[in-house]
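These features come from TrEMBL:
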TRANSMEM  12-36  transmembrane segment
TRANSMEM  48-67  transmembrane segment
TRANSMEM  134-154  transmembrane segment
TRANSMEM  160-182  transmembrane segment
TRANSMEM  319-340  transmembrane segment
TRANSMEM  352-375  transmembrane segment
Amino acid sequence: MARSAGKKRLSLKLGFSFFLFGLINNVLYVIILSAALDLVPPSTPKGIIAFCNITPALIVKLGWPYFLKGRIRYARRIVGCCTLSFIGMLVVAFHESLYSRLLGICLASFSSGLGEMTFLQLSTTYSRSVGGRSVGYFASGTGAAGIVGAFMWWELRGLGVSTGVGVSAVLPFILPLAYFFLLPRPAAFMHQSSSLSYTLVPADDLETEIDDLSAHDDVESRVEPKVSVGLSAADKWRLVKPMLLKYMLPLFCVYTFEYTINQGVAPTLLYPVPSHGLISKIIHSVRDYYPLWQLVYQTTVFFSRSSISLGLKTLPAHLLPAPAIIQFVILLLLVFESAVGLLPEDREGGSIFLVFMLISIEGVCGGLAYVNVFYRINQEQPDPASAHNPEITKQEREFKIGSIGFADSSGILLASILAVPTEMELCRAQVARGKFLCRGL
């Protein structure tokens, strides 16, 4: 009984740690997107916020795994991410200049991109069964970040940008606290059958295990000597090539369509302020629609990204492109609703409900694509050519899950570029048919 309780407690600590990693790492990103209307002047397209919020993260995900060699220093990375996020949010909070705020957003974006890659790579330092759960909890945390971030800004925006963003700047300090004082080290799961106790993650590198079959009981096997081996450019290309169509393309398409909707179409999905019904309790001004759509989207993303941690089955490999196809259809429908209207103008309540449903499906598709792709990469078997070398196998697992983030970030970057002309053209189309709400933002 005590042994079972110890295993459960260990798993809870692991799950909560990775959930916090996903939540805190992504929450600032969501706050910035949710605050887009408040951070830039009305005449500035909100897509510029998405552009600055993703480009530095894309640079990190493109450069770090492909050009960095050798072991990952997890402790240094996490402390660095915390510091950069804190500084970036302070710059956004206490500088009213547009360019200064964009610089602060870039710093926070760099930190978020590096953090996401780091925590996903950290999941590979555990056995596959434990690592798979870690990815599920991390994805659930990133989904929760959407709800928490959107809700936080919904509540904090009344305080103004300086106070609202300034309060959120303290959140990154949770990352190193969880890493040093809560997260169990991988060896605890290797030997949990023989000992219920575990030690906390040291300030130095984590000792790593490759998979369940590579675990050894002797102490020497857990204290690896410093090594200088690393993956060459040819090794990395060999690992990336089979993932291009299988994982990267579906993820790229999902995020391109998803963020084009969120940053280019959603700001134009505006209706007169309702005077009765449930929606009138939520919408008090035209400016409330955009954060409402963000909240609906982030809520459904949370539930779909939590599918694995809730014990639901993963998508079959042949269905990984399905979310992208559905996202494209939703994009077309919402563009048509914004420009022309799917329902007559006297049925605004029906239009609001239709948009609510479409954005909900959008969030479900985006969350399922994210968690299933990263889970499947975490569970892939090592290359037989390098299976004889545990250090190389470890670095290959870290590289593969770290390199895939380039796909979603490049999709978001493309969407942020598309969002600017999309928002402007949709607003022009609305004005041409006598709907001027988008001009009042």
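First residue shown is number 1, and so on along the chain.
Cβ from N, Cα, C; glycine included.
Outside the transmembrane segment (352-375), and at least 6 residues removed from its termini, the chain residues within Cβ reach (under 8 Å) are 120, 132, 135-136, 139-140, 142-143, 247, 250-251, 254-255, 258, 261, 266, 269, 271, 274, 279, 293, 296-308, 314-315, 320, 322-324, 326-327, 330, 333-334, 337, 342-343, 401, 404, 408. Here the transmembrane segment (160-182) lies next to the transmembrane segment (12-36) in space: the count of CB pairs under 8 Å, restricted to residues six or more apart, reaches at least 3. With Cβ pairs under 8 Å as the measure, the transmembrane segment (134-154) is packed most heavily against 12-36, out of 12-36, 48-67, 319-340.
Sequence-distant neighbours of the transmembrane segment (12-36) (same chain, 6+ residues past either end, Cβ-Cβ under 8 Å): 46, 49-50, 53, 81, 85, 88-89, 92, 105, 108-109, 112, 115-116, 119, 122-123, 126, 130, 133-135, 137-146, 148-150, 152-154, 157, 161, 164-165, 168, 171-172, 174-175, 178-179, 182-184, 189, 262-263, 267, 290-291, 294-295, 298, 309.
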